[in-house]
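Chemist: Would you mind keeping the following structure in view while I ask a few things?
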Amino acid sequence: MDESATWRLPESDWYSPRRLHDCPTHYSFPQAYRQKLIENLSLDSQGRPFKIMVFRGSPKSSRKSIRFVDELRQEVAAIFEKDCKQTPYRCIPKGEKRVLDAPRLRNDYYSNIMSWGINNILAVALGPELYLWNSEDQAVHKLLQVRGGNDWPTSVTWSEDASTLAVGYMCSNLQLWDVESSKLIRSLQGHSGRIASTAWNGHILTSGSRDKSIINHDVRAANSLASCIKRHADEVCGLKWSTEGNRLASGGNENLLYIWEASKMSSSKFLHRLSDHCAAVKALAWCPYQNNVLASGGGLSDGCIKIWNTEKGICINNIETKAQICGLEWNRHHKEILSGHGYSIRENQNKLCLWRYPSMTKVGELGNHKSRIINLCQSPDGITVISAGADETLRFWDVFGPPTAGAGNSMVSDLQGLLSFRTSLLR
């Protein structure tokens, strides 16, 4: 896959004396500094070439040499300072790496119709059909099509090992598919309404429905229903298991966020009931480098990203984005989080916004969607994020890429930005 404009960490940190011992041997110093070093290693204090083995030890010449070293230090510091000011903190991508046409993608805030497995295959539901797109060879395969006009996939989630694809439907069906053979493995029962959210935790598949219930299915068992929880007062529109699998976050259309402990879910006893949001809680993401930290995003009437300490059940940060939050993705390479937005009456409409963690200061924004973003998901390597928009496009952003050093990155960024608007038909 061709790489688009990447972002750079600030190189100013390498110039700090306290970090000098950490500076890698292959680091490329500024050209102006290298030239100044060459000149002052080969010329004396009067600008004449050094003569080898000539004694220059008089007190007068020593004082000149000391002054000369001080001047050299000042000049080098000035060069470094100038170079640091010219180096941006991050180079925002000029455009998408790729755009896929996604006809019949439904404009439904509550649906979660996209998942990227560790097999590097993207599963996406387009109306009544579900397609698989191989990111390595760009091959497209239609896995299924629902007959009749009243049903369609509303949630799509790969298992952790990408051996199974879970598909939830508008008419309360929940299916497991073997993608290798393109065969339906089994159907799971228990819901009576739309299943818009699903999440895997090993062999446990958790589903949330418009019927207000959360069901844990043990897919190994003949009778898969392991537990059923009915605490939400409205549709369950967000589910996310922690990386360790010991906690589940569930968001509801009644504006509530619940934190559950895996060991106590059969008793329907929650760890925390959090009511700080004032709109539906769909967007959920567990922090990859702080196990007990969860990010949640509220709907249009809320527009806030809240960062939670789930051990204590307290909100440790709150950012008003002034737009509907449809998705959240943590950057695994740097301490940042990306938010995808929908409707807004003020700002950030249809945008992707990058926030630095834990300060939650805004790094920048990007986006060319002509309508609201419905879902976000990221690649298995944690570099690329896909945004699915109501404008029936999937846009690929290399927003989480590792930093690159060296000159010429801005030129590459501009060129790749111009070349990024390549549109392909998904099906």
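Positions of Cβ are set from backbone N, Cα and C atoms, glycine also.
So TrEMBL says this about it:
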- 100-397: domain 'CDC20/Fizzy WD40' (DOMAIN)
- 146-187: repeat 'WD' (REPEAT)
- 229-270: repeat 'WD' (REPEAT)
- 366-399: repeat 'WD' (REPEAT)
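Situate these features within the shown structure.
Modeler: Residue counts for the repeat 'WD' (146-187) under DSSP (helix as H, G, I; strand as E, B; rest coil) come to 0 helix, 21 strand, 21 coil.
Below 8 angstroms of C-beta separation, residues 110, 193-194, 196-202, 206-210, 212-216, 276-286, 288, 291, 294, 296, 298, 302, 308, 310, 313 of the same chain, each at least six residues beyond the ends of the repeat 'WD' (229-270), sit close to that stretch.
Within the chain carrying the repeat 'WD' (366-399), a Cβ under 8 angstroms from the stretch's Cβ atoms is held by residues 3-7, 92-93, 95-109, 111-118, 120, 122, 124, 135, 324, 326-329, 331-333, 338, 340-343, 349-352, 354, 423, 426, all 6 or more beyond its ends.
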Chemist: Taking helix as H, G and I and strand as E and B in DSSP, count the residues of the repeat 'WD' (366-399) in helix, strand and coil.
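Modeler: Once the DSSP states are binned, the repeat 'WD' (366-399) shows 0 helix, 17 strand, 17 coil.
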Chemist: Note the mean pLDDT of the domain 'CDC20/Fizzy WD40' (100-397), expressed as a whole number.
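Modeler: Summing pLDDT over the domain 'CDC20/Fizzy WD40' (100-397) and dividing by its length gives 97.
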Chemist: Give the residue counts of the repeat 'WD' (229-270) per reduced DSSP state, in the order helix, strand, coil.
Modeler: 6 helix, 18 strand, 18 coil
